[in-house]
Amino acid sequence: MSSDAAAHKPIHSLVLDTGPLIKNDPPANTLRAKAEQLYTLPCIISEIRDAATRARVETTLLPFITLRSPNPESVKVIRDFARRTGDLAVLSKPDIDVLALGYELECERNGGDWRLRKTPGQKGLNGKPNKPAEGEAKTEAEAEKVEETLEKAVDNLTIENPVEQPTVGESSQSTEAKDTVAETVAEPEPKVTESGTEVTEETATNATAETAQAGEKADETIEAVEEASDGDASDDEGGWITPSNLKKHQAADTGATPSAPVQKTLQAAVLTSDYAMQNVALRMNLNLVAPSLARITHLKNWVLRCHGCFKITKEMNKQFCPSCGQPTLNRVSCSTDEHGNFKIHLKKNFQWNNRGNVYSVPKPVHGSANGRLPKNAGGKNGWGNNLILAEDQKEFTRAGEEQRRQRKKDIMDQDYLPDLLTGHRAGGGQKIRVGAGRNVNSKKKH
């Protein structure tokens, strides 16, 4: 029994994100003890850049992990749902793929998405659970028959008053006690001396006092024996039948042993410490497993609010304000009360980020239209070339077309190279960079 309980694992399929792997929270042995199968994506392993962390993951976890990529249909479902919650802009491609793999395993293990939600505001679930298989149906029918048999046995139960029959040990103890009392209470015979005379009156008085004390001790002995026999009798009765021990008596009367409680198992779950991923998973009703002290407690919806003109838009893929045209859109949380009033929740003492605005934009020079720029044009290292400052610039349109073209790569193309070899990293929702970036003197690409 104990071995079966120890071998039980509460999760069948667990999808791992990068954060718990890097922080080793929970450890590898805990993951193997809690989940039957571990899944992750190839790009998740490639995101681990530290040599020591990568060696630890490859040694302790990678032999037990199944590398799998989700289907395009599952990715589309997650993208559409994250777009409705407002989290799509902050989710990278690996984040979406992890949630899509969890959604795919959920549908496989539970026979569809009946226990999930299609929209964030959906009150109920998508449907009802599927009918159990033939083996499960037989098991449930047998369990119902056993319960009916137990109920009938309980109805036919009659509780009789138990007859108190003292045991052999108790009867011998009571007999000895009575004999002791009889011997003690009996009047002592007057002793005769050698000369044939009786004892004096003082001797008779002392004997009477000793007899009274012995009688009191005998009474105490009898009371102790009676209390012990009463306690043994109550123990032998087994107590009353109460709702708390009813099943115990049912099993004892029918000769059956009480069955162990059924241990539930999560068919599929996602392990992540990313708050945006947790928000999407919980709103969709995906099973979420989070490291210690890294689980969100409030679900949020997001909108974009312009810091310059205070215009609010729900198009989360926007980078420029549709009203004033400036790149001053901030992601803020919102809610709707019971009366239908829309509210936004702003940060207290919010300070606008001015990084990248220390240096002025270089003056335009000839040749910028046809691309034939002088050698030193655009400032040091050419940081001022092709700056995107508005939505209607040709540079912004050209960058958007290039981004869409890269997404439509043909894997069967002979010249195709994966991002792992080219060094391309898809982070931050692949937004187009607006402005000069954080540091104009940095050689890294922001």
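Cβ coordinates are placed from backbone N, Cα and C, and glycine is handled just like the others.
TrEMBL entries are annotated by machine, without manual review.
TrEMBL lists 131-145 (among others) with the feature compositional bias 'Basic and acidic residues'.
Positions annotated as compositional bias 'Low complexity' by TrEMBL: 193-215.
Taken from TrEMBL, the feature compositional bias 'Basic and acidic residues' applies to 397-412 (among others).
Taken from TrEMBL, the feature domain 'Ribonuclease PIN' applies to 14-105. Mean pLDDT across the domain 'Ribonuclease PIN' (14-105) comes to 93 in this model.
Marked as domain 'Nin one binding (NOB1) Zn-ribbon-like' by TrEMBL: 296-367.
According to TrEMBL, the feature region 'Disordered' maps to 112-145 (among others).
Sequence annotations record features per position, and here TrEMBL assigns region 'Disordered' to 162-218 (among others).
Look at TrEMBL and you will find 397-446 (among others) tagged as region 'Disordered'.
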Structural state census, the domain 'Ribonuclease PIN' (14-105) (DSSP three-state):
61 helix, 12 strand, 19 coil
Take the domain 'Nin one binding (NOB1) Zn-ribbon-like' (296-367) and count its residues per DSSP category (helix H/G/I, strand E/B, coil), listing them in that order.
0 helix, 20 strand, 52 coil
